[in-house]
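Student: Provided herewith is a single structure, encoded as structure tokens, for subsequent inquiry.
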Amino acid sequence: MAEIELKTAPADFRFPTTNQTRHCFTRYIEFHRCTAAKGEGSSDCDKFARYYRSLCPGEWIEKWNEQRENGTFPGPL
Amino acid sequence: MIESQRHSYHLVDPSPWPISGSLGALATTVGGVMYMHSFQGGATLLSLGLIFILYTMFVWWRDVLRESTLEGHHTKVVQLGPRYGFILFIVSEVMFFFAFFRASSHSSLAPTVEIGGIWPPKGIGVLDPWEIPFLNTLIPPSSGAAVTWAHHAILAGKEKRAVYALVATVLLALVFTGFQGMEYYQAPSTISDSIYGSTFFLATGFHGFHVIIGTLFLIICGIRQYLGHLTKEHHVGFEAAAWYWHFVDVVRLFPFVSIYWWGGI
């Protein structure tokens, strides 16, 4: 069997608490800011994508994506 | 009569005002709940209750003035009751405001992800703190200075000057209220605009309500001074109004710094 590498987003000193909501939200925003700055599909943004997909519940990501499409996303993109 | 009692305390005559105030409070609370749940007659009961409470305040305090100024029951030791009582009331009001400012800080210092983790939330129109809010932060202390002027005039026995000083105090207060009303009318956001609107309007709204009450209190003091009720040794009612007024004007500083200035950046 091949070794499967399992890892998640690294511990971020900006978010030392057990509740990592803000960490997830910040990574989501960072990914979208990176994409806005460097263009869609840029590989620099991949690591942010992996971070937020690990940290954030699927329902939140879907909700935020929908809000972004409607123009009602409240965060500072 | 007071000459025949062998103590310097005031044993009050039986009065209907406590029960009438209680009934008014009952009508207000029940009517309020009925109104908020859209029961028929709720609004009527609520308004009746409020009117009844206001009436009770008027007649009760009129009786206090009759017993003190006109009948002379308020000896030095009796005066301590209202003095300490009013100070404690002001302390309770401080706690009341503390709650609203804490609510504001709770929401603004660590804004939740639901509002985007930023403050003020996206799309909220914020007022420029250096326009009317700043002016309205300078007016209360000036009014406080005027009330201190009035106090010194009373202590010096300069009765007419005291009336003029109280008129100045009240005029400044009315100007403040006018500007605040205008600002509310023109404000770009409302109380239902996210937690920002809720905290902003509750904190500033209750402050404005207290300004109006303080203004009324000062107007009554002005009338009493004009009628000659206040002497240089005995003017507990005026002192209470002046303390309340200083409390209201100090409270104004907190929303200016934390809500208008910091909260809008």
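Using N, Cα and C of the backbone, Cβ positions are placed for all residues, glycine too.
Marked as disulfide bond by TrEMBL: A:Cys24-A:Cys56, A:Cys34-A:Cys45.
Each of the listed features needs to be described in terms of its position in the shown structure.
Tutor: Annotation for A:Cys24 (disulfide bond): same-chain Cβ neighbours under 8 Å, separated by at least 6 residues, are A:Tyr52, A:Leu55, A:Cys56, A:Pro57, A:Trp60.
Over all protein chains present, the Cβ of A:Cys45 (disulfide bond) has 20 other Cβ atoms lying within 10 Å.
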Student: Tell me, how many other CB atoms lie within 10 A of the CB of A:Cys56 (disulfide bond), whichever protein chain they belong to?
Tutor: 21
Student: For A:Cys34 (disulfide bond), which residues in the same chain are close in space, meaning a Cβ under 8 Å from its Cβ, but six or more apart along the sequence?
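Tutor: Correct list: A:Ser42, A:Asp44, A:Cys45, A:Phe48.
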